[in-house]
Amino acid sequence: MAGKRENFVRVDDLDSRLPSSSVAFQQNYASNFSGQLHPIHASNETSRSFKKGIQKGSKGLKSIGRSLGFGVYRAVFPEDLKVSEKKIFDPQDKFLLYCNKLFVASCILSVFVDPFFFYLPVINAESKCLGIDRKLAITASTLRTFIDVFYLAHMALQLRTAYIAPSSRVFGRGELVIDPAQIAKRYLQRWFIIDFLSVLPLPQIVVWRFLQSSNGSDVLATKQALLFIVLVQYIPRFLRVLPLTSELKRTAGVFAETAWAGAAYYLLLYMLASHIVGAFWYLLALERNDACWQEACIDAGNCSTDFLYCGNQNMDGYAVWNRAKESVLKSKCRADLDDNNPPFDFGIYTQALSSGIVSSQNFIVKYCYCLWWGLQNLSTLGQGLETSTYPMEIIFSISLAISGLILFALLIGNMQTYLQSLTIRLEEMRVKRRDSEQWMHHRMLPQDLRERVRRYDQYKWLETRGVDEEYLVQNLPKDLRRDIKRHLCLALVRRVPLFKSMDDKLLDAICMRLKPCLFTESTYLVREGDPVDEMLFIIRGRLESVTTDGGRSGFFNRSLLKEGEFCGEELLTWALDPKSGVNLPSSTRTVKALTEVEAFALTSEELKFVASQFRRLHSRQVQHTFRFYSHQWRTWAACFIQAAWRRYCKRKKMEEAEAEAAAVSSSTAGPSYSIGAAFLATKFAANALRTIHRNRNTKIRDLVKLQKPPEPDFTAD
């Protein structure tokens, strides 16, 4: 039999050293079998050949897959990605979220840096020629190159970022595709072209070519190339920023962590648009000035248009033009705001030419002036612009008005949304307070009740700021709720002496079931004789506890409750009693708040559950602690001590009276007839003392009538 058993071989008992591809082959093609494991009669040689066949077959399938170009499609859950050997990033990983935020910032910086290339052309006021600011060209090219490095890093990161398989989005987050080939294919089909066009260093190439050639004829070509290239590259850059921001919101849940950050973000975008508009206005002003100079040069006859660009002073005929250029250009291309009939209508660019910023070498002054012009006209939708009949100028003005309208609406709408989120709770409180006032007025509540309602609403607002803490905590997982409750309540619960010596498991169960309560001044928490439905543990404030022993005449007991004490101890006795029914115990005291009180409440159902689940509450130590801090037990103990003390005083006085009577009788010893008189005097004195203390004895008996509180069923140590 043993030999026959050795001939049985299971498929799943094959060598565990098989590669993962063969295991995947077995799993993928398991449906080809009948679904049940049958014994296979084979020898050891047959089993070894079977192993080799599976290995070769799986390798063959993999090679066929590579030759067909399909790749190996693999998907894992996010938690499995952490133990993967491949460096593939989870799209919701904190590091990747930080990199995406950094990339958004780099995109915004690139959009901010690119308009600096529009400030490169500048007019030389002395030579009356158009040149390029070399220092600014080097600075702008360096900044653009540095920012493009972030683009390249982001492109490399996209090739290592997993994505969620569309077919696995039925439930939960879905499975992550970690196959590098699939990730690269998806990126190449979606965003690679846009990223590639955005990162091309075309402005740097144009600037570096000009800096190396330094020919005057290259100024015009450089100016036109920069205008065209920056405009063209703005399209893919904007197309990349907006989806990336949306993806960041979808992945992280929010784009800005605080409302002020969100408002500042949209304000920054509005200022960025003003910066772009100002740079365009500066460059287009130079274009109009260049067009005027070319017309004046052609009309002069002794001028070549190459003379208008710096670096061409060595050309033939420049000396003749140099003598006449001042008068020709000033008469033909004069820009004056006060001139109602100018020789050349510069339109909206007159302000730039008359202010002299196109010829200023101070970049800070030039930039601030253009930024202010862009911000002013975006905010006013270009209402103060007086355009000429030049088509490009009119198109620029129309674009400015439309862009200003859209951006201003976005700015106001988003800033209002973000800033309203700061005061939404306050507004809700105002609405609730208004509704409460209208309701109290409609129901004609007395003034004292209205004041109590207002005081409670105000105190609750100051404590919670309108946030429903219980609702927030209830939506969290159980272990997270336990940790939060432990963090919030454990230190306060340990201040209650009844819970100070309990173990952590019992304290966690109590903290999970505690509910915060607020009571304003002069609020009655419970009245004597009412059912006790919750046990309160005081955290802050002062309370007054009064009892009349069920309304008995002549009996009044008053005590103060402070931080760390509790009330409603009748409920604990009821919860610990296994024979207690569904009827709640009656309160033996009236508890009133003397100040604003914060407390934790433990309801009857929750206390009964804790008492039934945790035997620690039945220990002798808890019994002694409960008796020591219970005001009901303290009242009983005080009455018991008073009754014992009065009995002691009575007995002592009677003994003193008898001693005095005996002394009198011994001092008056004489004839025999005086013995009977002394006996009668002693008897009369005893009767007198007995009569004097009769009323006092009645009071003592009434005091002792206060019943001892029922003891709970402490069945375990």
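Backbone N, Cα and C define each Cβ position, glycine as well.
According to the topological domain annotation in Swiss-Prot, Leu220 and Glu451 sit on opposite sides of the membrane. Record note: among 86-101, 470-485, 614-629, 614-629 is the stretch given as region 'Calmodulin-binding' by Swiss-Prot.
Between the transmembrane segment (266-286) and the listed ranges 103-123, 137-157, 191-211, 225-245, the one holding the most Cβ pairs under 8 Å is 103-123. Against the transmembrane segment (191-211), stretch 137-157 shows more Cβ pairs under 8 Å than any other of 103-123, 137-157, 225-245, 392-412. Model confidence over the domain 'IQ' (634-663) is summarised by a mean pLDDT of 80. For the transmembrane segment (225-245), the partner stretch with the highest count of Cβ pairs under 8 angstroms, out of 103-123, 137-157, 392-412, is 103-123. Taking the Cβ of Lys515 (nucleoside 3',5'-cyclic phosphate binding site) as centre and 10 Å as the limit, one finds 13 other Cβ atoms among all the protein chains shown. Using DSSP to sort the residues of the topological domain 'Extracellular' (124-136) gives these counts of helix, strand and coil: 3 helix, 5 strand, 5 coil. Non-local neighbours of the topological domain 'Extracellular' (124-136) in the same chain are 116, 210-211, 216, 219-220, 222-223, 286, 290, 293, 307-313, 325-326, 329, 356, 359, 361, 363; each lies 6+ residues outside the stretch with a CB under 8 Å from one of its CB atoms. Around Asp549 (nucleoside 3',5'-cyclic phosphate binding site), a 10 Å sphere centred on its CB holds 18 further CB atoms from the protein chains shown.
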